[in-house]
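The block underneath contains the structure these notes are about, expressed in structure tokens.
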Amino acid sequence: MVQAIIGANWGDEGKGKITDMMAEHSDIVVRFQGGANAGHTIINDYGRFALHLLPSGVCYPHITNIIGNGVAFHVPSFLKELQSLKDGGVPTPKILVSDRVQLLMPYHVLQDTYEEERLAGRAFGSTRSGIAPFYSDKYAKIGIQLNELFDEALLKERLEKICTLKNVLFTHLYHKPELKVDELFRQLMEWREQIAPYMADTQRFVTNALKEGKTILLEGQLGSMRDPDFGIYPFTTSSHTLAGFGCVGVGVPPTAVERITAVTKAYSSAVGAGAFVVRLDGDEADELRRRGGDKGEFGATTGRPRDVGWFDAVATRYGCRVQGATDVALTCLDVLGYLDEIKVCTGYEIDGQVTRDFPVTPLLNKAKPVYTTLPGWKCDVRGITDWNKLPKEAQDYVLFLEQEIGVPIRTVSTGPSRHENIFR
Ligand code: GDP
């Protein structure tokens, strides 16, 4: 059976922790989209790891970790992360990389960086890791699949074609140096040596695994609001962040997906550009940002301070709807113990009308939050694992969110570590 763990919001919901926890009972963990442009934080017996490209099952020796065909595969990031696991004393993980995955090339990073420079103040808040140019090239059919590194003549021909196109952009639009086919070819030959041991027909692997009754966990990156179709376009990422895309991004049948767990925090956080209706400013924001997550709300990949705000029920209800969530994992409940009262955004006011439906971007830009205020619990709930041990106000807060979202909250996370959870 296939289970997906995905983000209901803007990313950074705590998917890493939930995946790491659920991975324990899975045989295979799959990354199916995105690249090294966002990060998961997992904390286990070996220490604290920020994973960007590697699936969250890499710390369990019994798990096969798959980088699916839908990923933007950046070889240097992959090797660097493997090394950081080794340095942290983690036993060598089992990893397979799809032979159909496409390579995130050095010129994708350059193009992303040049474009953000060119746009200056009007930029999209890209992490400059080349994701948008990568996916543009993939759909323009000038990407390079990993398997193509093994046909040198074909590869050279492809590189010639790519460089002709890219160099028009690089020299005329960005006024930067030209790309050289030989240099790129040499780089790819080096990568070929390094990646060959991991390359596999992962679609066949997961098909066989399903026949054998194995459990596959699809691990989403970012969240619903960053989906290029259903998110806050154009302030989205360039690959689909929805559970449904998991079927494409590794090649499992849609009918095999039995459970879709949407992860959301007990408050909101977002990094990057685009409307964020519940954004707080000043001292209120500073305090929540400082207390949030396990080390404050700062991006796992970029270190950028995240915007923070109260729980956005409008965005989360929609985020769960487009994911087709069957249950919710609510993280970081422990963070809110310092508050006398807690607000929840239950509606958006747009042009004087209050709506509970998440709107398209031009309307979203005009939305103002409508809050409902609930009493706080004023104590530390960190590490509580029994629902009945939660203060009544904390229980009521969770129940209120559940009613607003309309999907059962089956897991409540009360701390960053693997075992700090309440199961309902
Ligand atoms: P992801 O990209 O969705 O995996 O999210 P990140 O890992 O980037 O951000 C979530 C942050 O919250 C990380 O620092 C986690 O260690 C932390 N975290 C996850 N669950 C909890 C929780 O229940 N309580 C606290 N305090 N921190 C948590």
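The backbone N, Cα and C atoms fix where each Cβ goes, and this holds for glycine too.
Site annotation for IMP in TrEMBL covers Asp12, Glu13, Gly14, Lys15, Asn37, Ala38, Gly39, His40, Thr127, Lys141, Arg304, and the matching candidate from Thr202, Thr207, Thr237 is Thr237.
Between Gly303 (substrate binding site) and Gly14 (GTP binding site), the C-alpha separation comes to 16 Å.
Each of the binding-site residues Lys17, Arg304 was scored by how many other Cβ atoms lie within 10 Å of its Cβ, and the smallest score goes to Arg304.
When other Cβ atoms within 10 Å of the Cβ of Gly303 (substrate binding site) are tallied across all protein chains shown, the result is 9.
Calculated from their C-alpha atoms, the gap between Gly39 (IMP binding site) and Pro305 (substrate binding site) amounts to 14 Å.
Once Cβ contacts within 10 Å are tallied over all protein chains shown, the binding-site residues Gly11, Gly14, Gly39, Pro305 are led by Gly11.
Only Gly14, His40, of the recorded positions Gly14, His40, Pro305, place a Cβ under 6 Å from an atom of ligand 1. Cα spacing between Thr41 (GTP binding site) and Pro305 (substrate binding site): 16 Å, rounded to the nearest whole number.
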